[in-house]
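In Swiss-Prot this protein carries:
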- 1-25: signal peptide (SIGNAL)
- 26-241: topological domain 'Extracellular' (TOPO_DOM)
- 27-140: domain 'Ig-like V-type' (DOMAIN)
- 48-122: disulfide bond (DISULFID)
- 111: N-linked glycosylation site (CARBOHYD)
- 141-234: domain 'Ig-like C1-type' (DOMAIN)
- 162-216: disulfide bond (DISULFID)
- 199: N-linked glycosylation site (CARBOHYD)
- 242-262: transmembrane segment (TRANSMEM)
- 263-298: topological domain 'Cytoplasmic' (TOPO_DOM)
- 299-319: transmembrane segment (TRANSMEM)
- 320-341: topological domain 'Extracellular' (TOPO_DOM)
- 342-362: transmembrane segment (TRANSMEM)
- 363-381: topological domain 'Cytoplasmic' (TOPO_DOM)
- 382-402: transmembrane segment (TRANSMEM)
- 403-420: topological domain 'Extracellular' (TOPO_DOM)
- 421-441: transmembrane segment (TRANSMEM)
- 442-474: topological domain 'Cytoplasmic' (TOPO_DOM)
């Protein structure tokens, strides 16, 4: 036997052994080692093949997920058995058999949903022998629908809300400035709809005009796709600061101007009275209880507007720093609206009660003669009326509070806001009541001393002329 015949015999034996091995079902299944990305609503193809390549038409090919008995797609005896597949995959899968001769199959899944994500088992079965390969599918959805909602600017600042829906999986979201630097979000929220898609929302509360260009940024953590939208904030949105500074400055300027004018007037009257009144006589009258030597009136007069300014500043700071609701709560905007309205009302109340009402009162003293001899009674009446007025207001607040307790449940967040406001207003009214009474008494005391000096002058003139002074008034 020659060498050629020996080599030929060896090749024949090797081929026979290979055919025996193939007929006995010795093979492996290979496929993609990386996750397959599937776009939501699109189609995805999963492939696997035999190694070594061989005919697969006579084999059973099964694709399943968690349970072997619940196939996604089943091919057996040369047919696709759709009746044995999972109901949600009926008419949604196709098995591409163009490369059956090479042992390669492709499963196409149509109209991908969020539930299609996960592991898929590809099984080739030849007789009793089978092998499988596992392919992972990741479903992704990226949305370009991003909206920024800007709430009405209020006394505390500007609130921005960024919304975007239709994401999967949950994306990364953040606020950025024009330089790409991250701005800490006030809050972040997310929810899932019936299709298990994520609806994202985040809030940014800007208290100052430091961020003029704000970017709402989203990123899909699987595909690394990015979506963003920006908003440019005008400086006019923060004009509320200038408005409030102008209001407080105007109030302070008016009160200080009134104070200075009135102080100069009273000082001139004081100096004129000192030049005509015998100090010794007034001191003797003072010892008898008929006259009081007047001190410099501008000290008391100057204290009143100063108290007014500090009262306004104190009340405004108290209302603004008091945290009745957090920014994240649904009634935050309602709280800021009430804060704006009540701040204006309190400014008017403080200015009118501390300055306007006493001014009218003292003008009546000067120009209506019958008020002069009743000044002590009127002084007490003013204080009493202040007390009655604030008592009525506090009583009304208490009644409203009791009615709210009966109408609104304790767990209601709106009731908590009402209760906080009622408590704060009650404290402020008590504080203002004490301020009003003190300023009224101070001004009344000043007026009595002024009237006393006038009486001393009149008595001095009556004594010099020899006429009677009893019962006469100035």
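Any Cβ shown, glycine's included, is placed from N, Cα and C.
Recorded features from Swiss-Prot, shown on the structure.
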residue: 48; record: disulfide bond; contacts (Cβ under 8 Å, 6+ apart): 29, 30, 31, 104, 105, 122, 124, 133, 135
residue: 111; record: N-linked glycosylation site; contacts (Cβ under 8 Å, 6+ apart): 41, 42, 43, 92
residue: 162; record: disulfide bond; contacts (Cβ under 8 Å, 6+ apart): 146, 147, 148, 149, 173, 175, 201, 202, 203, 204, 216, 229
residue: 199; record: N-linked glycosylation site; contacts (Cβ under 8 Å, 6+ apart): 163, 164, 165, 166, 167, 190, 191, 192, 193
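Taken residue by residue, the domain 'Ig-like C1-type' (141-234) breaks down under DSSP into 0 helix, 54 strand, 40 coil. Look at residue 111 (N-linked glycosylation site): DSSP puts it in coil. Residue 122 (disulfide bond) counts 24 other C-beta atoms within 10 Å of its own C-beta, drawing on all protein chains shown.
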